[in-house]
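Feature list (source: TrEMBL):
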- 194: active site, schiff-base intermediate with substrate (ACT_SITE)
- 247: active site, schiff-base intermediate with substrate (ACT_SITE)
- 119, 121, 129: Zn(2+) binding site (BINDING)
- 204, 216: 5-aminolevulinate 1 binding site (BINDING)
- 232: Mg(2+) binding site (BINDING)
- 273, 312: 5-aminolevulinate 2 binding site (BINDING)
Ligand code: PBG
């Protein structure tokens, strides 16, 4: 046997395996999504997302402390308001839930990088991501409301805004509004390539944001499509996005790879609520090993070309990275 090429040669020892690793990651790229709710003294577990909570503003600081202690210094905030209306006015209210949370977080944890999800669906009585004309989610009038929402987040302390609504032209509208008000340095992370996905199911329980009628298919993308995703990504680059996100992550790694190869911006991937719920459910039955699965899922996202990872497992992952189990 004259085997000259033996791929196994570089797999022989753990130190060697580590040296030749092709995918590197570290915890500075992790973003932890969190839910803030109106009220006081509230920390309630989300039934379909064990280990994830909805917290009132007064309980938020304790949570943020655990996030920082885990080694994660970036969070994405979602608000759950008490009051919803047709125009989603809670989204851009200066005393809205996210705005209050931002002021509190900024005051107590200046070292924390605060990103906000900019969308209408948690704030509209009908649960759609924009204002309605009849049954139609009306694109252009929604843009002004999204821009106002982003501005109010920044004024309350957001370091970065992340529009997730999938209206056409919203990155440009937000950029223009922020620039007019002097916030030229605040970056926009666009949920540019966001598919209409059943993987968001648990999130909609958590945020009480399921649409009251119909679905989101007239604005979020059809999961059969790939070129359309590239179109969306490139449009958002032109409109001035600073980071392009693909969402969900696990079933969309082909799209992550193509977007990463196509755009000249950092690419983020969001491992969404349904991905988290599936892992938790199977692990609770003893059918999978949670920590190993979480590491493998994370590595696949970075290997696909994402440099930024949003995940409900961010705290655990930071620990695994510290221990050298991945990264
Ligand atoms: C708001 C928004 C959603 C998610 C992030 N931002 C829900 C949706 O579009 O229906 C999903 C996040 C998750 O499932 O973890 N539009």
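Numbering starts at 1 and runs along the chain as displayed.
Cβ coordinates come from backbone N, Cα and C, glycine included.
Annotations in TrEMBL come from automatic prediction, not curation.
When the Cα atoms are compared, residue 129 (Zn(2+) binding site) and residue 273 (5-aminolevulinate 2 binding site) turn out to be 18 Å apart. Each of 120, 122, 123, 124, 128, 130, 164, 165, 209 belongs to the same chain as 119, 121, 129, is absent from that list, and has a C-beta within 8 angstroms of the C-beta centroid marking the Zn(2+) site. Residue 204 (5-aminolevulinate 1 binding site) and residue 273 (5-aminolevulinate 2 binding site) have their C-alpha atoms 9 Å apart, to the nearest angstrom. Residue density at residue 312 (5-aminolevulinate 2 binding site): 26 other Cβ atoms are found within 10 A of its Cβ, drawing on all protein chains shown.
With a cut-off of 6 Å between Cβ and the nearest atom of ligand 1, the recorded positions 194, 232, 312 reduce to an empty set. For the pair formed by residue 216 (5-aminolevulinate 1 binding site) and residue 121 (Zn(2+) binding site), distance between Cα atoms is given as 10 Å, rounded to the nearest Å. Residue 194 (active site, schiff-base intermediate with substrate) carries a strand DSSP state (E or B). Checked against residue 194 (active site, schiff-base intermediate with substrate), the recorded positions 119, 121, 247, 312 differ in C-alpha distance, with 247 being the nearest.
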